[in-house]
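The structure appears below as structure tokens.
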Amino acid sequence: MRALWIVAVLLVGVEGHLLQFNKMIKFETRKNAIPFYAFYGCYCGWGGRGRPKDATDRCCFVHDCCYGKLAKCNTKWDIYPYSLKSGYITCGKGTWCEEQICECDRVAAECLRRSLSTYKYGYMFYPDSRCRGPSETC
């Protein structure tokens, strides 16, 4: 399933939400979402199960939980207004869904920055088969 996330990002002809999230991640971490986060741990990328492997993976788990609360929104494709300046991500005015999706992404990108010091390259292309057991509750 995670491969679908990469394909989706590569096939989007206009700036869609996933590309916006990638820009936020790069702004905060100075790393591209692909390859540094698309397959990281058990939750970064599309889907997830088991326990988060570390602080970076937990950021992705919390991001998934945030999206889970937005079931009526098109979390993968809605384009939202935002700006990157003076060291901050600022979500702009939009529809309720756009504002909520932007906040989920902003919080996740900032979380990934805070967890940079514990980023483990061994989790960078972590196989789904090693993500076992029940998922934590959001």
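For all residues, glycine too, the Cβ spot is worked out from N, Cα and C.
Small disclaimer: the values here were computed from a predicted structure and weren't measured.
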Cys42: disulphide-linked cysteine among Cys131, Cys138 [source: Swiss-Prot]: Cys131
One of Asp54, Asp64 listed by Swiss-Prot as binding Ca(2+) at the site of Tyr43, Gly45, Gly47: Asp64
Cys138: disulphide-linked cysteine among Cys59, Cys60, Cys65 [source: Swiss-Prot]: Cys65
Swiss-Prot annotation, disulfide partner of Cys66 among Cys104, Cys111: Cys104
Ala33, Cys42, Cys44, Lys76, Tyr119 screened against Asp105 (active site), Cα within 10 Å - retained recorded positions: none
